[in-house]
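Notes follow the structure.
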Amino acid sequence: MKLNINNTFSEELPSDPVLENSRRQVRNACFSYVTPKKTSNPSILHVSEEMRCELGLTKEDTVSKDFLEIMTGNKVMEGTKPYAMHYGGHQFGNWAGQLGDGRAINLTEVVHNSKRWAVQLKGAGETPYSRNADGLAVLRSSIREYLCSEAMYHLGVPTTRALSLAITGDHVLRDILYNGNAAYEKGAVVSRVAPSFIRFGSFEVLSAHGDHKTLKLLTDYTIKHFYPEIESTGKEAYVLFLKRVSERSLKMVIDWQRVGFVHGVMNTDNMSILGATIDYGPYGWLEVYDHGWTPNTTDSQFKRYRYGTQPEIVLWNLYQLANALFPLVEEVDPLENVLDEYQNSYKNEYLHMMTSKIGLFSKQSEDSILIKVLEELLQSIETDMTIFFRKLGKYKKGSFDQGVQIISDAFYESNDLKGDILKRWNDWFIMYDERLNIEILGDEERKDKMNIINPKYVLRNYMAQLAIDDADKGDYKLIDELYQMLKKPYSEQPEYEKWFAKRPDWARDKVGCSMLSCSS
Ligand SMILES: Nc1ncnc2c1ncn2[C@@H]1O[C@H](COP(=O)(O)OP(=O)(O)OP(=O)(O)O)[C@@H](O)[C@H]1O
Ligand SMILES: [Mg+2]
């Protein structure tokens with residue numbers, strides 16, 4: 001197996017001088033060297049073809065013994081020195097101090113086709129940052145991370161990627177609902193890939209420790225490799241850096257809102273500095289359109305990370321990043337201006353995204369009302385988000401009296417559609433139809449454009465759970481079926497029509513489908 005190894009993070013940034021794998025507080029360093037844990041009887045369950053090609057690996061490579069051993073922790077690739085990254089974070093609104101890669105281990109960076117990739121194992125064993133946990137990951141959460149990160153890539157949402165999914169042959173103890181019912185589960189490792197795994201928390205931890213020297217090194221490194229378009233130097237560069245991170249993070253969260261993805265645990269240690277979705281833990285997909293929904297039972301009391309607040313939370317997290325960068329800028333105003341800009345751009349971008357979802361591509365002053373009324377209606381009775389927007393593409397100008405009929409599959413209880421609600425829906429279609437008259441696109445063209453904005457297939461929570469249930473019994477076919485289908489989320493794919501359906505009733509309140517915890 002030949003990878004074009006080219007390490008920059010570990011070559012250019014300070015490492016923790018302690019080499020033993022003991023839990024500790026790390027200072028003046030961006031990472032600690034650590035070797036992945038050996039696994040007892042590993043086997044690869046799936047490999048992402050697209051990611052394999054991105055890294056310059058052949059099919060033969062991915063079925064080799066080397067690949068199996070390297071991607072499950074049993075062998076360290078020649079010429080590499082794996083390491084865990086040092087970071088901190090704000091968790092659920094509070095500063096949590098040092099966190100770091102407690103179970104993720106970076107193997108190496110690779111350059112292929114002029115693109116830089118860091119390859120990391122998640123669930124690869126204890127590190128200096130493991131605190132009181134075991135450094136491992138279970139099959140259920142690894143299937144969810146593997147499938148969803150690749151699905152998000154194909155949806156066009158900025159994200160970390162996955163290369164392989166493996167079981168380790170070891171057993172891992174977990175208490176899924178934190179209610180005293182711990183049980184052994186199959187251990188697993190996902191090899192995941194991103195240009196870099198640096199997080200907001202990587203900057204925060206250095207700033208919190210007053211280590212401005214390493215903070216500056218890390219910021220300069222990040223700009224040099226990942227924001228090369230920033231040509232200025234000094235304070236100006238750091239302000240621009242915050243601005244670019246804020247723009248990328250805004251794009252990411254607008255995409256989340258567009259496809260109905262709820263991250264579930266948007267702590268600052270789970271915010272990539274590249275504006276990519278990272279940490280597929282207790283995430284979920286909106287089935288019933290509901291701004292108040294979060295899949296994460298650990299957050300059920302305050303619902304801090306519910307669907308509707310995700311863009312505000314990104315802003316809150318950017319504030320923490322701005323605070324962390326403050327020692328490099330020493331002026332509040334320019335940093336605050338960047339955050340103010342986020343707020344303005346967010347309003348515009350959100351409206352633009354929502355209007356494009358309903359096939360409006362010109363701007364009109366009344367559009368915000370049309371969208372607001374629609375959002376209220378979508379929440380007035382249980383309405384499936386994916387089905388609603390996809391079906392709306394079939395609407396034909398002038399047929400407002402058939403509007404409700406066209407989207408009626410999206411309603412979970414069509415009996416609820418009566419009286420005032422039905423009237424309000426009909427009124428909305430009249431408004432919508434009038435507004436469509438200002439658009440230049442015809443029905444077919446509008447539908448085609450809407451169909452590359454509104455996915456037909458997403459990884460509904462119960463679908464991942466079905467794949468997990470099968471995998472627990474040793475049947476991995478559904479993992480591949482979902483993986484193949486989710487490669488083309490915007491295409492019709494009649495062979496997969498059965499997955500274009502509302503959540504089945506059995507999944508309504510089932511653990512793993514509508515209730516997920518951080519236990520993984
Ligand atoms: N089983 C575990 N063993 C050791 N550390 C863990 C374990 N699970 C989580 N952690 C650590 O707890 C912190 C918060 O966990 P969180 O659930 O956000 O991350 P994660 O799912 O492990 O990984 P990532 O953010 O890398 O995708 C992180 O520092 C993480 O490394
Ligand atoms: Mg995390």
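Backbone N, Cα and C define each Cβ position, glycine as well.
Values in this document were obtained by computation on a predicted structure and should not be read as measured data.
Per TrEMBL, the features are:
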BINDING   Gly100, Gly102, Arg103, Lys122, Asp134, Gly135, Arg192, Arg199, Asp279  ATP binding site
ACT_SITE  Asp269  active site, proton acceptor
BINDING   Asn270, Asp279  Mg(2+) binding site
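In the three-state DSSP classification, Arg192 (ATP binding site) falls within a strand.
By the rule that a residue counts when its Cβ sits under 6 Å from some atom of ligand 2, the binding-site residues Arg192, Asn270, Asp279 yield Asn270, Asp279. It is 8 Å from the Cα atom of Asp269 (active site, proton acceptor) to that of Gly100 (ATP binding site).
For ligand 1, the nearby binding-site residues are Asp134, Asn270, Asp279; that is, of Asp134, Arg192, Asn270, Asp279, these have a C-beta under 6 Å from one of its atoms. The Cβ of Asp279 (ATP binding site) lies under 8 Å from the Cβ of His263, Val265, Asn270, each of which sits 6+ residues away along the same chain. Using a 10 Å Cβ-Cβ cutoff, Asp269 (active site, proton acceptor) registers 25 neighbours. Maximum intra-site Cα distance, ATP binding residues Gly100, Gly102, Arg103, Lys122, Asp134, Gly135, Arg192, Arg199, Asp279: 22 Å. In this view, Asp134 (ATP binding site) is surrounded by 16 other Cβ atoms within 10 Å of its Cβ, with every protein chain counted. Listed in sequence order, Val119, Gln120, Leu121, Lys122, Glu145, Ser149, Thr160, Arg161, Ala162, Leu163 are the same-chain residues six or more apart from Arg192 (ATP binding site) with CB atoms under 8 A from its CB. Long-range Cβ neighbours of Gly100 (ATP binding site) (same chain, at least 6 residues apart, Cβ-Cβ under 8 Å): Val26, Ser32, Ala84, Met85, His86, Tyr87, Gly88, Thr127, Pro128, Tyr129, Val205. Neighbour density for Arg103 (ATP binding site): within 10 A of its CB lie 22 other CB atoms from the protein chains shown.
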